[in-house]
């Protein structure tokens, strides 16, 4: 029986390029472990920070070193069939010949152009199965404003928020103060300012005063044209993993504890900065509620394959508020998603195997 050729797609043109490499290394290792070694052949594809797709030796080098390629010269023409970005657009989007050899794609591109529906649209056009959500689920899972609207429609409780645009923030001096007045009146302090379309806590600020609010809005506008401001809440941060397509399963619930002021990019991806507690020490009925809400959120955005759903548990009142869904969660050594499933009885190699099989199942539905 011939091996299934898995196109491991990583890197990308986003601020989470290095995170993508870390996830890809873990997945490549899992696809080569135990029984998976006899089932799968890995075809790695590395998307350079300049947007070029590289196959052959270049992605192997990145997987081995864990470091991104910094210079175009690091890859020879033999390893890269995609020409320079300075050349014609038509030529630039010629893909490496190995693309045609892929049986199923495993995109592990975090952030914009990776988990926002864009790469999912391309893979859909290729008519090849791929791991994870389709265009709609990915787009809703990436845009925090659209996501919250979907949650609201599904009746899921969440923190108060206000959506603003870059145009409002960078408008004339008369409009911006009024915008800040509205935010102060409706949300108060502390509150969180977030770019709508960036993952891994990039560009997020916790603000406690008018000056901090103004600075945070200006900073977030550098990252995105859509910004969301959320009311702060005193709560424990808990997470639940979801696995499946139309009949998904929810994992046990985990909790994130950290000493920093909030769960920012550095805290998330630096060993020792945050602790993952699995299972979370919370009442059983709260765990069941979180699992049920995670499945509702998964359906609300039309997710598929996998997702991690984040919640606030307000211990003082017993209230559970949904924070967000991540349709392509990290697969690094410190990532919550694979650890939640490991505790729930699905070790990492088996989890990766299930995700590949779910991709094929979704592409080829049967009665």
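Quick reminder: no glycine exception, Cβ is built from N, Cα and C everywhere.
The structure displayed is predicted, hence computed values, not measured ones.
Taken from Swiss-Prot as is:
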DOMAIN    148-357  domain 'ATP-grasp'
BINDING   184-239  ATP binding site
BINDING   310, 324  Mg(2+) 1 binding site
BINDING   324, 326  Mg(2+) 2 binding site
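In sequence order, 205 constitute the residues six or more apart from residue 212 (ATP binding site) in its chain with CB-CB distances below 8 Å. In the predicted model, residues of the domain 'ATP-grasp' (148-357) average a pLDDT of 92.
Within its own chain, residue 226 (ATP binding site) has 143, 145, 163, 164, 165, 166, 195, 196, 197 as residues 6 or more apart in sequence whose C-beta sits under 8 angstroms from its own. Distances between the Cα of residue 326 (Mg(2+) 2 binding site) and those of the binding-site residues 184, 198, 219, 233, 310 are shortest for 310. Annotation for residue 233 (ATP binding site): same-chain Cβ neighbours under 8 Å, separated by at least 6 residues, are 159, 312, 314, 321. Counting every protein chain shown, 14 other Cβ atoms lie within 10 Å of the Cβ of residue 184 (ATP binding site). Neighbour density at the Cβ, taken as the number of other Cβ atoms within 10 Å, is lowest among the binding-site residues 205, 219, 326 for 219. Cβ neighbour count for residue 310 (Mg(2+) 1 binding site): 19 (other Cβ atoms within 10 Å of its Cβ, all protein chains included).
Looking at residue 219 (ATP binding site) and residue 324 (Mg(2+) 1 binding site), their Cα atoms lie 21 Å from each other.
When the Cα atoms are compared, residue 310 (Mg(2+) 1 binding site) and residue 191 (ATP binding site) turn out to be 18 Å apart.
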